[in-house]
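**Student:** So Swiss-Prot says this about it:
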BINDING   Ala33, Gly34, His35, Asp52, Leu83, Asp97, Gln104  S-adenosyl-L-methionine binding site
Amino acid sequence: METPHIPVLLEEVLESFSRVPEGYFVDCTLGYAGHSSEILKRYDHLKHIGIDRDDEALAFSKKRLEPFRDRSTLYKGTFATVLPTLKEAPVTALLADFGVSSLQLDKKERGFAFDSETLDMRMDANAPLSAYEVVNTYPKEKLEYIFDTYGEVRSYKKLASAVVDARAKAPIESAKALSEIAKGVIPPGGKIHPATLMFQAIRIEVNNELGEIEGLLDAIEAKHYEGEVVSLITFHSLEDRLVKNRFRKWSQECICDPHAIRCTCGKKHALGKALSRKPVTASKEELRVNPRSRSAKLRSFRFKSDS
């Protein structure tokens, strides 16, 4: 079976789970099962749960994981909603890769690519909100907010005005047309396409990506297991900040008010510890083979174990 997506930081992810005990491995962003298939091959003491909201990805992964059908179960939905409902236990390894898959980026009908003839960007094709609605119906002030907050676009006001001016003449029907608007506002240059940050912002809005990550972290915090390792791959600073701050919170022994004169909590409140101080990034070899890995950052956290 031809693999449409190269999993990022694969060896580093595998290594992060090298000491997990017997139990369930949950892939919260199953995609095309690149990480899952390799983890199932290497760690035969783990059973597998895959979660995704993309029907196409689930159908592909079901076939790809057929050799492991006795150890694998797939669920459709967002990870923030599915994870709290899982009955399978104990979960000893959990992975989430928050990037958009290469297949989604490359398939023009999905509307993620800069030259797509559609304007969609939905991870779940049945979801009510698409990029078309965001671009063509959101008021200028709301576009400014998402371009600034989710895309960290410097010229967010100019960009929002350009979008509103363009759609006043005719609806913006394609990602390609939207890219041209960005090119007219943001000068070319540097390593990324002028529309990159705008597309990121719209995609985050359409799929509630930051809200989903917060929901996942809340679900993990509410229900985790002894010795469980959580490995999360982020692709931009907004995602990484959420993960870094939550891992820092989970690592804190003291939960007293920062302004307290002395500690009264006993300093025994850490849930576990991060496996590395800084995020793990792609090697030079991986960057050569898969340039899309350049923005990937892996952070891993191990919950405490009595043993």
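Including glycine, each Cβ sits where the backbone N, Cα and C put it.
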**Student:** Looking at Cβ-Cβ distances, which residues of the chain lie under 8 angstroms from Ala33 (S-adenosyl-L-methionine binding site) while being 6 or more apart from it?
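**Tutor:** Within the chain, Ala33 (S-adenosyl-L-methionine binding site) has Cβ neighbours under 8 Å at Asp27, Gly50, Phe60, Ser61, Arg64, Leu65.
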**Student:** Look up Leu83 (S-adenosyl-L-methionine binding site) in the DSSP assignment and reduce it to helix, strand or coil.
**Tutor:** helix
**Student:** Just how many other Cβ atoms lie inside 10 Å of the Cβ on Asp97 (S-adenosyl-L-methionine binding site)?
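**Tutor:** The Cβ of Asp97 (S-adenosyl-L-methionine binding site) has 25 Cβ neighbours within 10 Å.
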**Student:** Count the Cβ atoms, other than its own, that fall within 10 Å of the Cβ of Asp52 (S-adenosyl-L-methionine binding site), considering every protein chain shown.
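**Tutor:** Here the count is 27.
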**Student:** Can you see whether DSSP assigns Ala33 (S-adenosyl-L-methionine binding site) to helix, strand or coil?
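**Tutor:** The three-state answer is coil.
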